[in-house]
Amino acid sequence: MNEQQRLASQQVNSSTKKEEKDYSKYFESVYQPPSLKDAKKRGKEEVKIERDFGLPEEFRNFGTGRKFYIRTYGCQMNEHDTEVMAGIFTALGYEPTFSTEDADVVLLNTCAIRENAENKVFGELGHLKSLKRRNPDLLIGVCGCMSQEESVVNKIMQKNQHVDMVFGTHNIHRLPYILKDAMFSKETVVEVWSKEGDVIENLPKVRRGDIKAWVNIMYGCDKFCTYCIVPYTRGKERSRRPEDIIQEIRHLAANGYKEITLLGQNVNAYGKDFEDIEYGLGDLMDELRKVDIARIRFTTSHPRDFDDHLIEVLGKGGNLVEHIHLPVQSGSTEMLKIMARKYSREHYLELVRKIKEAIPNAVLTTDIIVGFPNETDEQFEETMSLYREVGFDTAFTFIYSPREGTPAAKMKDNVPMEVKKERLQRLNALVNKLAIEKNDRYKGQIVEVLVDGESKNNPEVLAGYTRTNKLVNFVAPKSLIGQLVKVKVTDAKTWSLNGELVEEPIEVE
């Protein structure tokens, strides 16, 4: 996925001297591979907040005359990490390019959540091999979640020796030093921290747009669902301080941003790691209601941590939108237990009831895995019935993909692939059926739309999203891009709505 990149003016200093933690070993070696065994450990070391970072003198104009290209795979967190890396490149003097042919540095920011994502990365590395032959000075790097996996790093070292550098999710702020090492080293530079570092504030960012922004509020996950690699690749749960988050969002609002999405691997576990204050996501959202910005969203939430206080705050409305993404993964209590989700079908349905009671117009979406090891026909039917009972607007659906190093990867799987595909097909048919039924209800309604830009399919048509995250296409002047407008829905499709402009623009109170 290409990134639209703009100039940024700040930079991170990698001086990371610690009173209680010593990471000097990472700086002395250009080969520090990952360890899933170490990544699984959850120590009680204090997580510090580092705020005083600047560009060291040795890196001034380091990238002048050079260009960088970043290809991003996976979730919004990866997209946001790319914004940070683009900021670091820019502060070093590099310029962005949207072509690997023109680049002096190519980074692949990777996703490890499913095998298909990893296959795409290795396919791209194969394409880059010929480019490296034509341009031996080109630096090729692999970063992100795949880099945190031992098997991936071993495969890169053995079969992709044209890769110059590998680094992970915990040491993005070390990019200037990694670039320097890769530029002068004859060997592949591997600097992957198996244990997470501190929370680094004031990192530079080159945001993808000036209408919507992502803001990390926490990092990592401690849930250890049996199928999931994320707790290993992203480390333990670490929350940013609320004052830093609020300051960042106020700054974005002052610069004209209309919508903020709060990010975290398990966003509603926010604040559970604080030892000095009792402060959770509900408290943060309550404070963000007072910020002069049109919309606040968050993703991704875990049903286990979705508490009553958060529901109460979301029910107050205002700039807190009515869309909640609440991954269920399965409708079977037995499957949920094997997945180590730590909730039951009944608990999930009760949570949905509470949400709908507090927010009558709430739109719920979800994630579902089919074909988990030993899933029976009856257990799959429970997923189908739960989907109908909740009445989700849509879902991201997947066939289970084993991840090396996770408990589920060791489970015996007696579900044939043709059965898994048939179940996915049936589930998707239900998802599509309910999606069009839900969208049909919007016909004739007037909805608030934040205009993102031109439609991908027709430059003469504008496109934007409602508060409930419905895509709306309509004809209007391009001067309305970035504005909130009223649109009357005239037609409904499975994944989008068509409409006509009624009123422009809406003032945010």
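Backbone N, Cα and C define each Cβ position, glycine as well.
The shown structure was predicted, so the numbers you read here are calculated from the model rather than taken from an experiment.
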Swiss-Prot records Cys75, Cys111 as [4Fe-4S] cluster 1-binding residues. Which of Cys145, Cys221 is assigned to the same site?
Cys145
Give the distance between the Cα atoms of Cys75 ([4Fe-4S] cluster 1 binding site) and Cys228 ([4Fe-4S] cluster 2 binding site), rounded to the nearest whole Å.
14
Averaged over the domain 'TRAM' (440-503), what pLDDT does the predicted model reach?
97
Going by a 10 angstroms cut-off between Cβ atoms, which of the binding-site residues Cys75, Cys145, Cys225, Cys228 has the sparsest surroundings?
Cys75
What other residues of the same chain, not counting Cys221, Cys225, Cys228, have a CB atom within 8 A of the CB centroid of the [4Fe-4S] cluster 2 site?
Lys223, Phe224, Tyr227, Ile229, Val230, Pro231, Gln265, Asn266
Sequence-distant neighbours of Cys111 ([4Fe-4S] cluster 1 binding site) in its chain (C-beta under 8 A, six or more apart):
Tyr73, Gly74, Cys75, Asn78, Ala117, Glu118, Gly144, Cys145, Met146
Starting from the Cβ centroid of Cys75, Cys111, Cys145, which together make up the recorded [4Fe-4S] cluster 1 site, report each further residue of the same chain whose Cβ lies within 8 Å of that point, ordered by sequence.
Tyr73, Gly74, Met77, Asn78, Thr110, Ala112, Ile113, Ala117, Gly144, Val230, Thr233
